[in-house]
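Feature annotations, reproduced from Swiss-Prot:
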type    : residues               : note
BINDING : H72, C85, C88, H89     : heme c 1 binding site
BINDING : H106, C121, C124, H125 : heme c 2 binding site
SIGNAL  : 1-22                   : signal peptide
Amino acid sequence: MKKILTLAAIVLAIGGCSGQQAETQATPVNIKSLAGDSAVTDIRPADAMPVYPARGKALERSFTDQPPLIPHKDDYKITLDKNGCLTCHSWDKAARMKATPVAKSHVIDDKGTLNGHNYFCTQCHVAQAENKAPLVENKFSTQ
């Protein structure tokens, strides 16, 4: 009985696929851009490259208890398995790499094991570069 049902299912599957023909006279699809029919006429020059502070120089903090700013790019990968910041800033590599070691407030033992609450560095620490044009107006005041 199983063989007959299996054979019938195969015949129906093949029969269902074999009688169809591909549509050869398909009409082209006209997709419009979000910009409509307007052409791009204004080509602007590329943005200036950001200038980071000199190596080994700490950036001045704007307010008390502000996390230190990162004086370099901050696109190092941070995943559950690996923290890219620790390739330079871990306690055992910081002196050799001439980098600031992870603060004692961020570790849980004398070996420099990072506390899980401080694992994702870019939650608090941000890269700072001297960009020529501000992206948004800044009304911050230290007073």
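Using the three backbone atoms N, Cα and C, a Cβ is placed for every residue, glycine included.
Sorted by the number of other CB atoms within 10 A, the binding-site residues C85, C88, C121, C124 start with C124, the lowest. H89 (heme c 1 binding site) sits 11 Å from C121 (heme c 2 binding site), counting Cα to Cα. H106 (heme c 2 binding site) has C85 as its nearest neighbour among the binding-site residues H72, C85, C88, going by CA to CA distance. The secondary structure of C88 (heme c 1 binding site), as reduced to three states from DSSP, is helical. If you count neighbouring Cβ atoms within 10 Å for each of the binding-site residues H72, H89, H106, H125, the highest count belongs to H89.
Closest by Cα distance to C121 (heme c 2 binding site), from the binding-site residues H72, C85, C88, is C85. Sitting within 8 Å of the Cβ centre of H106, C121, C124, H125, and not among those site residues for heme c 2, are the Cβ atoms of P67, C85, N118, F120, T122, Q123. Separation of the C-alpha atoms of C85 (heme c 1 binding site) and H125 (heme c 2 binding site): 11 Å, rounded to the nearest whole number.
Secondary structure at C124 (heme c 2 binding site), taken from DSSP and collapsed to helix, strand or coil, is coil. Other residues of the chain with a Cβ within 8 Å of the Cβ centroid of H72, C85, C88, H89, the heme c 1 site, are I70, Y76, G84, L86, T87, M97, A99, T100.
In the three-state DSSP reading, H106 (heme c 2 binding site) counts as helix.
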